[in-house]
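According to TrEMBL, the domain 'PAS' annotation covers 80-150. If you look up TrEMBL, you'll see 222-440 marked as domain 'Histidine kinase'. As annotated by TrEMBL, domain 'Response regulatory' applies to 464-577, 584-698. Summarising the annotation, TrEMBL assigns transmembrane segment to 49-72.
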Amino acid sequence: MAKRPVPAGSAIRFTGISCLFISLPLLVKPSNAGTIAPSGVLPGGEQTVEAVLLLLLILAACLGVLLWRFYLVRQKLRVGVRLLDDILLHSNVAMTVKDADGRILRINDVAAKLMGKPAQELLGKTVDAVAMPETAELVRKHDHEVIEDQDVTACEEQVHYLSGSYTLLSRRFPVTDARGAVAGVGVISMDITQRIHMEHELRLAKVEAESANQAKSLFLANMSHELRTPLNSIIGLSELTFEQSEEREDTETAEIMQRVVNAGRHLLSLINDILDISRIESGRVELHAEVVHVQTLVESVINSMQTLASANGNKLVLEVAPDVKLASLDVTRLRQVLLNLIGNAIKFTRHGEVKVKLSCRDGQLYVAVSDTGIGMTQEQMQRIFEPFEQADRTIARRFGGSGLGLTISRQLLGLMRGRIDVSSDIQAGSVFTITLPMGDVDKAEVRPAPPAVDPKTARGRNPVVLVVDDDPDACELVHSALHRDGINVVSASSGEQALALTRSLRPAVMVLDIQLGDMTGWDVLAAIRADPEHAQLPVILCTVTDLDRRTGLLGVVEHLTKPFDHDHLSHLVQRFVGGGKNRSLLVVDDDKYYLDSIATVLRQAGHRVDTAPNGEHALSIMRHHPPDLLLLDMVMPGMDGLAVIEAMRIDPALAPVPIMLVTAADITPEVSKRLYERAVLLIRKGESDLADVVQHVHRLLQRLQISTSQSEVEQAT
């Protein structure tokens, strides 16, 4: 049929045509998706072709949009499916998707391997096909909880599959359909069987390590006592023989005994170092912070080193910055470090100077110990903190030592959150600098620094009386009045000199004049009372004026008006000095040799001494005759020292008896704190020789006498 053009906008009449067929393209991206070909019977009447075409074009456009959206959704679904497949394929955890009836819809190889079958064989199967009945029941229960609660759950479950038993850490989540309804469960499981096994092995290893550490601690504690106790007996008996030889003027025996004592002390020092490093490495060192006057602590260490410094011809110097006051730290450990550093400086210096400089900045305490000794190279400085190392091999032969002192010092400072630095040049000396946090002074326990052993009077039997007066004639009168009684008298002509001598000599009594050149006697007295180490020093005032109410406030124990009666002064001084003599003492120790040694020197010092080899015997003696002072060892068979102290605490007759602990045992900070609540003083065998013990006893008895006298004065005023 010939085609004729249809004029635009004109109507076409169809006459005698009963059907209509039209084909139109569906225009969708990326290309034509197809054609639409509607056909049908035309109703009667006239139709407009343009209207029909327009309607069909709109229909084609709508269908094209729908097809394009369907295409996009299908592409996204394909991407999602590929992503899910990649996750399932490459994941290192077990992943499973199940429908509401528990049939497996998707599963990865990790999960299939746990279940013991290939992944394809598991599709459409339930857990019953791969697990023991109890496991299948457990899994169904957990799946049902997720579907019921429509929430995510996590649990650790023990499962028994065909391939074996496992501990799984599983996380379940609901899987929803197109309507948002829960249609199944997704499960992600991690096999933690090996981790659980390792944790079990670690727990067993921890128990074994703790048991081994406990055995090591027990061994160290036993060795500490077993090694030190006989060695202390050897040293003590040798000292006793040395003193007796000197009294008989047997110089040959005295020289031999002095060598034995020196060798014993050297061996004891080595043993102490080895035990210290063992305790640190086993983590058995605990710290106990307390407030201390830093200058007082360092002065006490320096005073104890004066004899060694003098033997090498060295001068000991202390420089203290004005802002160095109180610090909260472990006094015992810091003292140990200072003794090591100052001792090394003295040992490696001949006819030079050892300086200790104290300063603080930004809450840090700095202690610099410098010397003018042999010095070190850079290579030597890198080795000296290693265990058993010294600057070179000739050092040990020339100067001795274990090579552990600096190692111990650095590790102790590390425990105290501090550090130690060194700088040195060959033949120009060395500088060791300690840096420590000052600590919270307000919160720490306050206890004064331990008393120093006075090198000038440590071996003497007579106490020192310090006379403070700017009149030389007055000092001479006091000296004459007291010297005839066998009392050592030292004079100070100024307040500053008096305070310095008080710190270095630790006098038994001070005879003080009020009128001095540089400062008043009241200023001197106030400074002494403000120092915890010397606050209990008895002071006798000698003045030409009447006293005011400050005598009671500052703890003046007696007063003499010039000119004074010599016999009265002697009587007053003997009241305090004699308080440490002719007292009843009980010494308790299971080491017979040490017991005999200490009892002998205490009797020679003028005391009445009883001895007991164990705690039961000691309590029996004390219940019949309570002593003025009990010297008690801590480690004894049967009833040990702690048990004795506890028995005394609950006995009203024995509770007031003062206790001085003399032991070679290692004491933890907890036990030490308990002991300080009951014991007046604790000293360690090996750190104090027999003469030192006698001096500690004398000072302790003297302090107790002074406390009693001051109480009487306070009650009277």
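Keep in mind that glycine also has a Cβ here, set from the backbone N, Cα and C atoms.
Small disclaimer: the values here were computed from a predicted structure and weren't measured.
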Summary of DSSP states over the domain 'Response regulatory' (584-698), given as helix, strand and coil counts: 51 helix, 25 strand, 39 coil
Counts of helix, strand and coil residues, the domain 'PAS' (80-150), according to DSSP: 42 helix, 11 strand, 18 coil
Where does the mean pLDDT land for the domain 'Response regulatory' (464-577)? 74
